[in-house]
C-alpha cells in the first residue's frame with residue numbers, strides 16, 4: 001500500500017510539499033486536499049496516512065472510519081491524487097467493507113467523480129460502475145446467473161457470444177456527439193466539452209458521438225515526457241479536464257496524439273463462447289491486458305445479446321450482464337513457520353508452506369504452495385526462511401521469491417507419506433507415494449476426482465467422501481452398491497442418504513461421453529482431451545489392449561514418455577474400470593475415424609481446426625463434434641499447429657489477426673460446409 005509520491009511515513013506538511021513541487025498546483029487543487037479531508041474523512045491527514053501505509057490495519061477500524069477512509073481515498077483518486085494503489089483499495093479496504101457488510105450502500109452505488117467547475121447536466125445514458133471479480137470462481141458464478149436468465153428466456157446458453165475488452169484506467173466520460181460529460185454520480189455529470197475544443201482526438205481516428213469511454217494517455221509517452229511533471233496518469237488526466245489554462249506538456253501530449261478519448265465500443269476485443277472463455281481464461285486475460293498502450297486495471301466481460309441484456313437489467317451500481325476481472329499483484333514478505341506435506345490423488349506429495357498469518361488481498365493468508373520438494377530443497381524453504389508471496393484470486397498463494405533461505409540442515413524433506421506412512425520415492429522434482437492401492441489420501445482424492453469429472457453428480461465433495469472413507473468405504477464399486485440405510489450408518493441423515501443414492505443412480509442413467517467416463521479414472525497424462533483422441537482410434541473397452549508402440553505410431557500427438565505413462569496407468573485401473581463399466585453407465589461413444597472410412601477420406605482428416613463466432617446452420621458444439629468425426633482435431637485457441645480457422649458471425653479481431661499473422665487458412669462457415677460437403 002503506497003502513497004503515490006513515495007514514503008508513506010512523511011509528515012502531512014511534507015506530503016503537500018512533495019505533491020505541489022511535482023505539478024505546481026493551482027489554488028483550487030490545493031484546496032481539494034483540505035476539502036476531501038474535511039468533507040470525506042473527518043480526521044487529520046496523519047490518521048489518513050497511517051491507515052494508507054498499513055500502520056493501522058483495516059481490521060481494527062470502525063465501520064464508520066473504514067467508510068470515511070474509502071470515501072477519502074476514492075475522492076483523491078478521482079481528482080488525480082491517488083493515496084494508495086488500486087490493488088490496496090480493491091483487495092484490502094473495499095474487501096474488508098464487503099466482508100463486514102456485503103449490502104453496504106457504498107458497495108451498491110456508483111463511485112462518484114469529484115464535483116468540478118462546469119455545467120452539471122443529466123447524462124444521455126446512465127454510466128454505471130462494473131461489478132468486480134477477483135478469481136475464476138466469481139466469473140463462473142456470474143456465468144451461472146447468465147445461464148439461468150438465458151434458460152428463462154428460452155435462449156440456448158451455449159450459443160451466446162461473450163465479449164472481453166481491456167478495462168481502461170483513465171477518466172470516465174460520455175460523448176454524445178455535441179458534448180463530453182464526466183461520469184459524475186452515474187446520472188449527472190459535468191460538461192467538459194472543452195477537452196475536444198483543445199484538440200483532444202477520438203482514438204483510432206474514430207468519430208464523435210460513440211458514447212461512453214475514457215480519457216487516457218499513452219504509457220510510454222507519459223514515462224518519457226510527462227512523469228517529471230505529474231505523479232501519475234490520473235493526475236495528468238485531471239489536469240487536462242479541469243485546468244482553465246493548460247500547461248505546455250499537456251498541450252504537447254494532445255498534439256502528439258498521446259492523450260485521447262477512447263470509446264469503449266472501439267476497444268480491441270475477444271469474442272467466443274462460455275466454454276471457450278473458461279478453457280482459455282488466462283490466455284484471454286493476458287492477451288487483452290497487452291492489447292492497448294494505456295494503463296488498464298482489469299478485463300471486462302459481457303454478453304452481447306441485447307435481448308438478454310435487457311432481461312438481466314442492472315442494479316443501482318452495475319449492469320448484471322457485465323463483470324470486470326481484476327488481478328491483484330500485491331506482494332507480502334513473510335516468515336515460514338513450517339513446511340507440511342500433502343498427498344494428492346496421484347500419489348504426489350506436495351509441500352505447503354505455513355507462514356505467519358498475513359493479510360493479503362483482503363484475505364488472511366496462512367499457507368502458500370511451494371510447488372514441489374525440489375524447490376524446497378534447492379531454494380532453502382524451511383522454518384525461518386523469509387519469502388515474498390503474492391495472491392491473485394487463488395485459494396493458496398504462490399511464492400514469488402525466497403529472500404532469506406535456511407541451511408540444508410533445517411529443511412524438512414519427508415521420507416514417508418503423510419497419509420499412509422509408506423516410503424517415498426523421487427521422480428524428477430517430485431516425491432511420490434507408491435502405495436496407490438491403500439493410501440487414504442489417494443483413495444479419497446481419486447473418488448472426488450471421479451465425480452468431479454463426470455460432472456453430473458452433486459453431494460460427493462471432500463467432506464462427504466472423507467466421511468464415507470472413515471466409515472469404511474475404500475472403493476467406488478462398494479459405493480455404488482450402497483443403499484440409503486448404508487449411508488445413514490456412516491452418519492448421513494435420512495434425507496441426505498436418499499439423495500446420495502439418487503445421485504449415484506443419476507450418474508449411471510444420464511448420458512455422458514465415453515471419453516469423459518475414461519478421464520474420470522484419473523490416469524496420469526490421460527485427461528479429457530487425450531481420452532477423446534484415443535477413443536477416436538479404438539473403442540472404449542478395447543483401450544486397455546493398446547501398446548506403447550501403437551499409441552506413438554498410430555495416434556497423432558503422443559510421444560513415448562506420454563504413451564508409457566498412459567499404458568502403465570491403464571493397467572493400474574483396468575480391474576476397477578470394468579467393475580464400474582459393468583454397472584451400466586449410459587455412455588455416448590466417440591465416433592471412430594475408421595468407421596466407414598469417413599474420417600480418412602474427408603478433406604479435414606488430420607487437420608487442426610478452430611471454430612470461432614456464432615454459427616448459423618448448426619451450433620458450434622455440433623460442428624466441432626462433426627469435425628472430430630471427420631478426422632479433425634478441434635482446438636480452442638490459435639497456435640502454430642492450427643491449420644484452419646472457421647468463422648461464424650461476430651468474430652473477434654484477436655483470433656482473426658493471429659490467424660493472418662501465422663498464415664492460417666480462414667474459411668467462412670459457408671465455405672467450410674461446402675468443403676466437407678455438408679450443404
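Including glycine, each Cβ sits where the backbone N, Cα and C put it.
These numbers come from a predicted model, not from an experiment.
The active site, N6-AMP-lysine intermediate annotation in Swiss-Prot covers 167 and is backed by sequence analysis. Cβ environment of residue 167 (active site, N6-AMP-lysine intermediate): 130, 296, 297, 298, 299, 300, 324, 326 lie under 8 Å away, each six or more residues apart in the same chain. Residue 167 (active site, N6-AMP-lysine intermediate) falls within a strand when secondary structure is assigned with DSSP.
According to its DSSP assignment, residue 214 (NAD(+) binding site) is in a strand. Residues annotated as NAD(+) binding site in Swiss-Prot: 86, 87, 88, 89, 90, 129, 130, 183, 214, 326.
As annotated by Swiss-Prot, Zn(2+) binding site applies to 417, 420, 433, 439. Less than 8 angstroms from the CB of residue 433 (Zn(2+) binding site) sit 343, 347, 349, 417, 419, 420, 422, 424, 439, 441, 442, each of them six or more residues away in the same chain.
If you look up Swiss-Prot, you'll see 599-679 marked as domain 'BRCT'.
Within 8 A of the CB centroid of the Zn(2+) site residues 417, 420, 433, 439, the other residues of that chain are 343, 347, 418, 419, 421, 422, 434, 435, 440, 441, 442.
Secondary structure of the domain 'BRCT' (599-679) per DSSP (helix as H, G, I; strand as E, B; remaining residues coil): 30 helix, 18 strand, 33 coil. DSSP assigns residue 130 (NAD(+) binding site) to coil in the three-state reduction, placing it in neither a helix nor a strand. The local packing around residue 90 (NAD(+) binding site), expressed as other Cβ atoms within 10 Å of its Cβ over all shown chains, amounts to 20.
Applying an 8 A CB threshold to same-chain residues 6+ apart, the list for residue 214 (NAD(+) binding site) reads 168, 169, 170, 171, 172, 173, 261, 262, 264.
DSSP assigns residue 88 (NAD(+) binding site) to a helix. Between the binding-site residues 420, 439, the minimum number of other C-beta atoms within 10 Å of a residue's C-beta occurs at 420.
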